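Enquirer: The structure is given below, and queries will be raised subsequently.
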Amino acid sequence: MIFSLPLLLALGQTIAAASQASVVTFKPHGIHKSYTTSLEPQQLVSSRVHSMTQATPLEPAKFFVQTKLGFNTNDYIIKNSYTSGHNKVTHIYLRQKVDGKEVYNADINLNVAEDGQILSYGDSFYRKPSKGNSLIKNNVKFPENMATATESVESLLDHLKIAKNGPIVEAPQDFDGSEDLKLKNVPGAVQDVKAAQGWIQLENGSLEPVWDFKLELKEDYFHAHVSGVTKKTVSLINWVSKASYKAIPFGVNDPSEGERKLIKDPQDKIASQKGWHQIDGKETNDTAGNNVYAITVSDDVPNQLDPKNRVKGDASMTFDFPMDETKDPNTYKSAAITNLFYYNNMIHDLYYRYGFDEKAGNFQETNFDLGGKGGDGVIAHGQDASGMNNAMFGTPPDGEHGEMYMFLFDETNPMRDGDFDSGIMIHEYSHGLSTRLTGGPANSDCLQTDESGGLGEGWGDFIATMIRMNSTTTSTTDIGMGKYVLEQETIRNYVYSTSMKKNPVTFEYIGRDEWQEVHNAGEVWAEILYEVYWSLANKLPVTEDWFAGAKNPAEHANTLLLQLLVDGMKLQPCSPSFIDARDAIIQAEKVYTKGKYRCQLWAGFAKRGLGVDAKIIPEDEEKSHKNSFAVPSDC
């Protein structure tokens with residue numbers, strides 16, 4: 001099949017819009033959290049010896065958690081576990097239970113080598129405060145008298161300033177004995193609201209009994225926790241990534257850099273084994289398939305998955321539609337939806353080849369019995385009328401649809417269409433990548449602090465930048481974001497550059513008040529990764545064929561770095577800091593290429609202040625992040 005698309009096949013980037021502009025999301029800070037990559041020899045030996053008689057990596061993980069962290073199998077549930085094929089590392093994600101209820105912000109992630117060695121772990125489990133710092137046992141009881149789910153969700157609606165419009169009905173989610181509920185007729189909700197009881201760790205070290213709600217609105221998807229005692233909202237997370245247009249990270253692979261071309265059969269046969277035009281075994285002849293539904297919703301057809309909202313190919317499955325940029329974008333909507341469909345599929349296939357596959361929680365309707373949950377292909381809205389000068393991507397847990405919203409931009413006359421800016425699309429899709437991989441596919445709450453949210457924004461910026469580089473790009477090339485849709489050098493504070501004069505940011509910047517906003521923090525992380533890229537590129541060649549390069553990513557600087565970024569997301573803990581993310585990338589390289597490029601990585605990190613002695617000192621309000629330009633002594 002043939003698609004009419006831009007000439008250069010670099011993949012895109014991102015954006016976001018806010019319908020609930022006055023709502024501030026938050027979660028408790030200051031809870032116990034650690035990420036350990038350097039374990040004592042006896043810890044490694046005891047885990048490895050124990051594993052020799054075990055059948056799966058779960059056994060040494062359980063042994064380690066019990067003997068070293070003090071928790072037995074009654075203290076947690078296994079939320080996810082899967083093994084990455086290329087390095088044979090198994091990633092295991094545990095959620096703490098207290099008195100039989102989940103502690104929603106208490107997680108342990110363990111990374112287990114093929115031989116059973118515990119490579120690293122992150123730990124935010126609750127410990128009961130005491131002089132001896134003893135571990136929590138079964139002496140904390142869930143209260144019998146709690147506010148009802150209806151009372152609590154009504155309090156949440158008050159917090160969100162959503163007016164009530166009728167009685168809310170409680171019903172069991174299923175008939176298997178579960179205490180979970182679903183709430184019907186919740187104002188503004190596009191589907192029944194899922195409700196469950198559990199705990200949240202508070203900043204004062206206590207456990208608060210809460211109702212857990214998953215509230216999907218038209219443009220927001222909130223994961224909220226409401227106290228069952230006070231009915232106060234104690235945690236509010238939005239699974240939709242958003243930003244004002246001034247913070248939009250755009251790419252430059254757009255119609256100004258290359259004419260559209262007819263591209264025949266571009267699907268990757270490994271990542272999309274049944275092609276791009278099949279859903280549950282049935283062939284489609286429009287912009288819908290296993291990986292994505294590319295649509296444009298009209299008032300006449302409000303059901304977003306109605307085939308009338310898609311674009312059909314001709315009898316030969318050719319999607320070739322005219323586009324005239326001198327006219328209003330509404331006149332070339334079919335071309336826009338075709339481009340949106342093509343790029344979402346390309347991004348799916350690319351990330352699949354580097355480890356974002358079924359078992360890792362990717363976005364697919366059918367998973368072909370390869371692990372993970374299906375039924376969650378991306379729903380990509382082109383030329384969506386609900387926003388302007390923006391885009392956004394919602395990432396609920398595995399098994400629920402990711403949603404991308406692409407808008408028009410009125411900074412030019414005529415307007416520009418974000419559906420033709422591949423940088424926007426890859427940035428947005430990258431929110432899905434980093435959210436599903438960090439903390440495991442079942443947990444979408446792990447990139448919600450200012451610093452971890454900045455990592456999410458930075459990965460999107462950097463990957464979009466890296467993918468648009470070609471044989472003419474050098475280390476002196478400066479790259480700005482957002483040229484096509486905004487017609488300015490960059491929508492960031494600085495262009496991405498190896499020049500400290502053109503871009504002076506370092507790690508310590510994110511300790512400054514004005515740089516703690518997630519998009520500003522993301523700019524710092526993307527710039528750090530830009531330096532890491534060029535440090536590797538001075539050692540290794542680069543390739544413009546990302547799919548051929550995926551066969552052995554270690555042969556090229558760009559494919560190696562993409563592989564390490566994906567691996568690092570899997571290794572790092574929930575709510576990672578910049579230091580955690582750096583350490584996870586360093587460890588990913590150690591596992592994959594045995595330290596061969598360790599010094600190149602450290603050189604890139606250290607140039608921008610994230611060297612071996614970089615520190616975070618929370619009590620120093622003015623300069624909480626301390627630069628280090630040092631590399632390991634053997635480098």
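We number each residue from 1, going along the chain as drawn.
Backbone N, Cα and C atoms are what each Cβ position is placed from, and that goes for glycine too.
According to TrEMBL, the protein has these features:
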SIGNAL    1-21  signal peptide
DOMAIN    75-125  domain 'FTP'
BINDING   His427, His431, Glu457  Zn(2+) binding site
ACT_SITE  Glu428  active site
Enquirer: Express the distance between the Cα positions of Glu457 (Zn(2+) binding site) and Glu428 (active site) as a whole number of Å.
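Expert: It is 9 Å, counting Cα to Cα.
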Enquirer: Please average pLDDT over the domain 'FTP' (75-125) for the predicted structure.
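Expert: So the average pLDDT across the domain 'FTP' (75-125) works out to 93.
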Enquirer: For each of Glu428, Glu457, count the other CB atoms within 10 A of its CB; which of these recorded positions has the top count?
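Expert: Within the set of recorded positions, the most crowded position is Glu428.
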Enquirer: Please spell out the DSSP helix, strand and coil residue counts for the domain 'FTP' (75-125).
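Expert: Breakdown, helix to coil: 1 helix, 35 strand, 15 coil.
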Enquirer: Please name the residue among the binding-site residues His427, His431 whose C-beta has the most neighbouring C-beta atoms within 10 angstroms.
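Expert: Checking each of His427, His431, the winner is His427.
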